[in-house]
Amino acid sequence: MAGSWARLTESSAAVRFIDTNLRGSGQVMLQDNPLTGLLFLIGIGWSAVVSGSPQLAIGAPVGLVVATCTAIGLGVDRTALRSGLFGYNGMLVGMALSIYLAANPLFWAYLVVGAGISVVVMLAMVNIAKTWGVPVLTAPFVLTTWLMLLGSYNFAAISLADLPPPALPSIHVASAMPLDSLALVDAALFGVSQVFFIGNAITGVIFLLALLVSSRWAAAYALAGTVLAIAVAQTLGANSDAIAAGLFGFSPVLTAIAIGTMFDTPRPRVVFYVAAATIFTVITQAALNSALMPLGIPVLTAPFVAVTWLFLLPLRKLVL
């Protein structure tokens, strides 16, 4: 089947365009696989239906296609384009803006601008990151979305929907209500689904299956990442509601996949290194929650980007 699809992509420009976009969807979790990308879109669609939020099912593909078309128009590297590397940031921009801003006709134009600009931001960041030999990951999405959200505070025609109100950080008092077994399972699955800003257990299962289609190790690291993140967050006394919603899980999931899949096999030192990166991502998540609270913007996947960069840079000098 894979061979037939590959032949179709070579013989048809339309199929090639679809394949590029599906790979862009898969690249959100670092997978260059069109079936993985398709399953991600199915998971998003399912969540949009059950939550009654059609803008989610529209914002993701619109952002993805706009970013891909922008990259084509700019004449980017063909190999990188075909691997979906210029689509995933635009897709995430589309998802984020669809959640944090209210949908109206002007909103969709705002989303298109953000998704297109994410390609330019990526090209700029690639030129910087290649000096250090690290991938840009979702940094273009984070920077673009932060600027689009901060800008929305000054535009009366762009209405806020679900942005956290600006507030000063305060000392958190741990909840006395521990999560039961079912809530812990949901939290683990939510940690995976929240990579796409979705809190839905079935969607989390779909996303894990999507990873499994591409790489069993990617699926294993994702599951281990979300479980370890819950354990660390609970041990440190993080907000129970945030843990239950998977909000401490999505960046650690991405970190675990990014670091873990750099290696062929999960040797003991590799597992230790991935675990250390995952744990530090939870701490970084909490730190950035406090840092960005006065600005009234979410941390997005910034903890994943920062920690993954920190842990990738030493690999030139380490033998794991």
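Each Cβ is built from the backbone N, Cα and C atoms, and glycine gets one as well.
Keep in mind that TrEMBL annotations are predicted by a computer and have not been checked by a curator.
Under the DSSP three-state reduction, Thr301 (site 'Important for channel permeability') is assigned to coil, being neither helix nor strand. With a 10 A radius on its CB, Thr301 (site 'Important for channel permeability') counts 27 other CB atoms from all the protein chains. Residues annotated as site 'Important for channel permeability' in TrEMBL: Thr301.
Among residues of the same chain six or more beyond the transmembrane segment (33-50), those with a C-beta under 8 A of the stretch's C-beta atoms are 5, 18-19, 21-27, 56-57, 60-61, 84, 95, 193, 196, 198, 200, 202-203, 206-207, 209-211, 213-214. If you look up TrEMBL, you'll see 33-50 (among others) marked as transmembrane segment.
The transmembrane segment annotation in TrEMBL covers 56-76 (among others). Remote same-chain partners of the transmembrane segment (56-76), defined as residues 6 or more beyond its termini with a Cβ less than 8 Å from a stretch Cβ, comprise 17, 20-21, 24-25, 41, 44-45, 47-49, 86-95, 97-99, 108, 111-112, 114-116, 118-120, 123, 196-198.
Per TrEMBL, the feature transmembrane segment maps to 83-101 (among others). Listed as Cβ neighbours of the transmembrane segment (83-101) (distance under 8 Å, sequence separation of 6 or more from its ends, same chain) are residues 20-28, 32, 37, 44, 53, 55-56, 58-68, 70-71, 76, 107, 110-111, 114-116, 118-119, 121-122, 138, 140-141, 144-145, 148-149, 152, 158-163, 196-197, 298, 300-301.
Residues 59, 62-64, 66-67, 70-71, 74, 76, 86, 89-91, 93-94, 97-98, 101, 135-136, 139-141, 143-145, 148, 152, 158-159 of the same chain lie 6+ residues outside the transmembrane segment (107-129) yet bring a C-beta within less than 8 angstroms of a C-beta in it. Taken from TrEMBL, the feature transmembrane segment covers 107-129 (among others).
Marked as transmembrane segment by TrEMBL: 141-161 (among others).
According to TrEMBL, the feature transmembrane segment maps to 187-211 (among others).
What TrEMBL records for 218-236 (among others) is transmembrane segment. Among residues of the same chain six or more beyond the transmembrane segment (218-236), those with a C-beta under 8 A of the stretch's C-beta atoms are 29-31, 178-179, 184, 187-189, 191-192, 207-209, 211-212, 242-243, 246, 248-249, 252-257, 260-261, 266, 274-275, 278-279, 281-283, 286.
Within the chain, the transmembrane segment (242-263) has long-range Cβ neighbours (under 8 A, six or more residues past its boundaries) at 29-30, 137-138, 179, 183, 186-195, 199, 204, 211, 215, 217-218, 221-222, 224-226, 228-230, 232-234, 270, 273-274, 277-278, 281-282, 284-286, 299, 301-304, 307-308, 311-312, 315, 320. Residues or ranges marked as transmembrane segment by TrEMBL: 242-263 (among others).
Marked as transmembrane segment by TrEMBL: 270-288 (among others). Below 8 angstroms of C-beta separation, residues 221, 224-225, 228-229, 232-233, 236, 238, 248, 251-252, 255-256, 259-260, 263, 299, 302-304, 306-308, 310-311, 320 of the same chain, each at least six residues beyond the ends of the transmembrane segment (270-288), sit close to that stretch.
The feature transmembrane segment is assigned by TrEMBL to 294-315 (among others).
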